[in-house]
Structure formats: structure tokens, C-alpha cells
Amino acid sequence: MIEEILKKIARFSEKRPVLVVITILIMTIVMGSIASNIRMETAFEKMLPQDDEAIKTLYEVRDNFGGTDIVTTAIKIVPSESSEKVTDIRDPRVLELIDFLERDISSVEYVTSVSSPTDVFKEKNNGVIPNDIDTVNHIYNQIPKESQGKIFNNDYTMATLYITSDSGSDSIKNTQLITEIENRVKEAPIPPGTKVILTGTPSLRVLVSRLMNESQYITTVVGLLGVFIVLLFYFRNFLSSMMPLAPVILAVIWTGGSMTLLDIPLDFATTAIASLLLGLGIDYGIHLMHRYHEERKKGESIEEALETAVINTGTAVLATTATTTVGFGALILAPLPTMQNLGKSCSLGIIYCMLAVIILLPSLIVLNDKYIEPFNKKLISKIKFLKRE
């Protein structure tokens with residue numbers, strides 16, 4: 001039954017290689033377009049079981065009392081060659097900066113509240129920031145000891161501004177929030193010798209999102225180049241080395257599109273999906289190509305060799321796909337959503353690798369051996385002939 005299906009697939013790919021390639025190319029373009037909208041998940045709470053009481057309560061607190069995510073803005077003293085540099089965080093210019101940021105950032109979208117130490121000094125100084133450090137020290141010394149540590153650090157080199165937001169776990173909202181706050185900071189009157197640094201949950205989520213994108217790009221590119229070099233040493237032919245890679249690349253794109261359609265996000269686990277599929281899926285194409293070349297060496301025609309390779313290798317590929325899919329599918333039963341997402345995406349990706357190898361690779365082999373290679377040989381012969389003349 002399975003062998004008969006594989007035989008029909010092989011014969012169709014042999015007779016209609018252009019149709020197969022064009023159809024799969026169109027499908028890949030569509031899935032690639034969909035994959036560009038894949039959702040990225042960087043929120044820690046989304047990676048935990050959503051039915052856990054602590055997670056449910058977190059969402060209830062957000063709904064009833066506003067945002068729980070705090071952007072901690074640190075104002076630090078840093079080295080400077082300016083003669084007017086700040087040497088003490090209690091400098092009135094620093095308090096003016098903090099007061100400016102508090103008022104300016106309050107209007108940023110997704111910001112629910114901003115709190116800073118300037119409120120205490122203004123309250124005890126007729127509603128304005130003190131204009132000399134002695135007045136600042138006088139007011140500061142009146143503050144209870146247990147509260148002083150919340151205003152400045154012990155060596156007076158840092159102060160903080162707390163920005164509460166309701167951006168939640170949405171990566172787009174977090175990026176917009178942090179970008180806008182950074183823009184407001186750039187416009188602020190920052191005195192020499194000081195630096196404003198954003199940290200806290202939303203800032204870290206944006207950082208994680210950027211690092212995930214960079215990691216995915218680097219690992220995918222390095223993986224592709226590494227595998228291609230190995231294939232080039234093995235097949236000793238550029239096109240023969242590229243052909244086993246094509247189905248895996250397409251499978252990665254299809255998996256990305258499917259993840260978008262199924263609302264499976266890119267998170268700490270699934271961001272490695274491209275590298276995983278590259279390492280696991282490349283075997284299928286190598287086995288089929290190797291068997292095809294073996295049959296050709298025996299004297300079989302392109303059609304006969306391809307049919308033998310697809311039937312014999314395809315059966316093993318189907319069995320391997322089934323076992324690998326079941327293995328990754330077991331992750332769906334894990335309590336952590338990140339593991340579930342990895343299981344779903346890897347299972348889909350492995351199935352796509354198998355389908356691409358069995359359906360697309362035979363068509364690529366036919367096009368290469370029937371048209372591209374003969375054309376290249378004729379072209380090389382003509383070039384050699386012209387050189388002789």
C-alpha cells in the first residue's frame with residue numbers, strides 16, 4: 001500500500017517536475033508571507049501553566065488594579081571630563097532631570113503611573129525642586145532612615161524612577177513602550193556626568209526579543225553554511241549539495257507559517273526550531289540522493305533510479321518520521337506551555353521535511369539530471385571549443 005503510493009508520487013514527480021516545483025514554490029511564498037506575522041512570546045508568565053492559581057491571580061490583579069510591570073529607570077553617575085559634571089546624585093540638576101522625566105513620561109501610552117524621589121523634596125520645599133545641594137541634604141536628613149534607601153543609594157551615585165505600565169506580555173506593546181520612553185529620555189536635559197538606563201520587566205522583555213531574533217538568525221545561517229559545506233565534501237557538486245537542503249529550508253518556512261496559523265509563538269524553546277529541523281531533516285534528503293546515485297551507477301535510467309530510491313528510501317523515511325513525530329509529540333503532554341509549543345512545532349516541521357523530500361526532491365533531481373546538467377556540459381564544451389579556436 002505504502003510502496004504503491006510512493007511509486008505514484010515518484011512517477012508524478014518524474015513526469016511533472018515543473019508543475020511540482022511551481023506549486024510548492026507558490027505554497028512556500030504564501031506560507032512565508034504568513035510566517036512573517038509570527039507572534040513572539042517573551043513574557044515569563046506565559047511560559048507557565050495558565051491554570052495555575054498564581055498566574056490567574058496575576059491577571060486578576062492587572063485587570064482590577066492596573067499594570068504590574070515596572071520599568072525601573074536608573075539615573076547613575078558616570079565618568080565625565082566636563083568641568084560641570086555631577087559628582088553627587090543629590091545635585092539639584094539630577095532632581096530636575098528626574099522631575100522632568102516623571103512629568104514627560106506620564107503621558108506615554110501604556111504608562112499608568114510614575115513615581116520618583118522628587119515628590120518628597122517638592123513637598124517639603126513649597127512645591128519646587130531645591131536649587132542647592134545643602135537644601136536637598138537638609139530635607140533628605142529629615143526623612144526616616146528606613147525610607148532614605150529608597151531615594152538614593154548609600155554612596156549617592158544612583159537614584160531611581162519607577163514607571164508602572166499595563167503593556168502586559170504583548171511584545172509589540174512592550175517594544176512601543178520602551179522605544180517611546182527611550183525617545184523621551186534622549187530629549188531630557190541630562191546633566192554631564194550622569195546616565196539614564198532603563199531596566200525592569202518590560203525592558204528585559206524587549207532585550208530578550210532582540211536576542212531571540214539575533215540567536216535565531218545566527219544559528220540558522222551558521223547551521224545552513226555548515227551543513228552545505230559537509231554536503232559539498234560528500235557530493236562534490238554544488239547543485240547536488242543544494243538539493244537536499246531545499247526541502248529542509250521549505251519545511252522551516254512552512255512550519256513558521258503553520259505556527260502563525262495555529263497561534264504557536266516563538267519563545268525560548270521554539271526559537272531553535274530552524275536549527276532543530278535542519279539537523280534532523282537533512283538526513284532524509286541525503287539518504288534519497290545517495291540511493292539515487294547508487295542506482296544510477298548500476299546503469300538504471302533516471303526514472304528507474306528515482307523510482308527505486310523513492311520507494312526504498314521513502315519507506316524508511318516514513319518510519320523515521322513517525323517515530324520522531326511521536327517523540328516530539330510527547331512534549332505536548334508536558335505541563336509547561338514552552339515544551340508544548342516545541343513539541344507541536346517540531347512535529348509539524350518533521351512531517352513537512354518528509355513531505356518535501358518525497359514530493360519535491362525527486363522533481364529537483366529530474367530537472368537537474370535531464371536539463372541543467374546536460375545544458376552545463378554543452379556550455380562547457382562550447383567554451384572549450386571557442387578557446388581552442
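Using N, Cα and C of the backbone, Cβ positions are placed for all residues, glycine too.
Model confidence over the domain 'SSD' (248-367) stands at 89, taken as the mean pLDDT rounded to a whole number. Taken from TrEMBL, the feature domain 'SSD' applies to 248-367.
The annotation transmembrane segment is assigned in TrEMBL to 18-38 (among others). Among residues of the same chain six or more beyond the transmembrane segment (18-38), those with a C-beta under 8 A of the stretch's C-beta atoms are 12, 250, 253-254, 256-261, 265-266, 356, 359-360, 363-364, 367.
The annotation transmembrane segment is assigned in TrEMBL to 217-235 (among others).
Sequence-distant contacts of the transmembrane segment (242-262) (same chain, six or more residues past either end, CB-CB distance under 8 Å): 24, 27-28, 30-35, 37-39, 220, 224, 227-228, 231, 270, 273-274, 277-278, 281-282, 284-286, 288-289, 344-345, 348-349, 352-353, 355-357, 360-361, 364-365, 368. Here TrEMBL flags 242-262 (among others) as transmembrane segment.
If you look up TrEMBL, you'll see 268-288 (among others) marked as transmembrane segment.
The transmembrane segment annotation in TrEMBL covers 309-336 (among others).
Outside the transmembrane segment (348-367), and at least 6 residues removed from its termini, the chain residues within Cβ reach (under 8 Å) are 6, 9-10, 13-14, 16-18, 20-21, 24, 243-244, 246-248, 250-252, 254-255, 258-259, 273, 276-277, 280-281, 284-285, 288-289, 292, 302, 306, 309-310, 314, 317-318, 321, 324-325, 328. Feature annotation from TrEMBL assigns transmembrane segment to 348-367 (among others).
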DSSP-assigned states of the domain 'SSD' (248-367) in counts, ordered helix, strand, coil: 105 helix, 1 strand, 14 coil
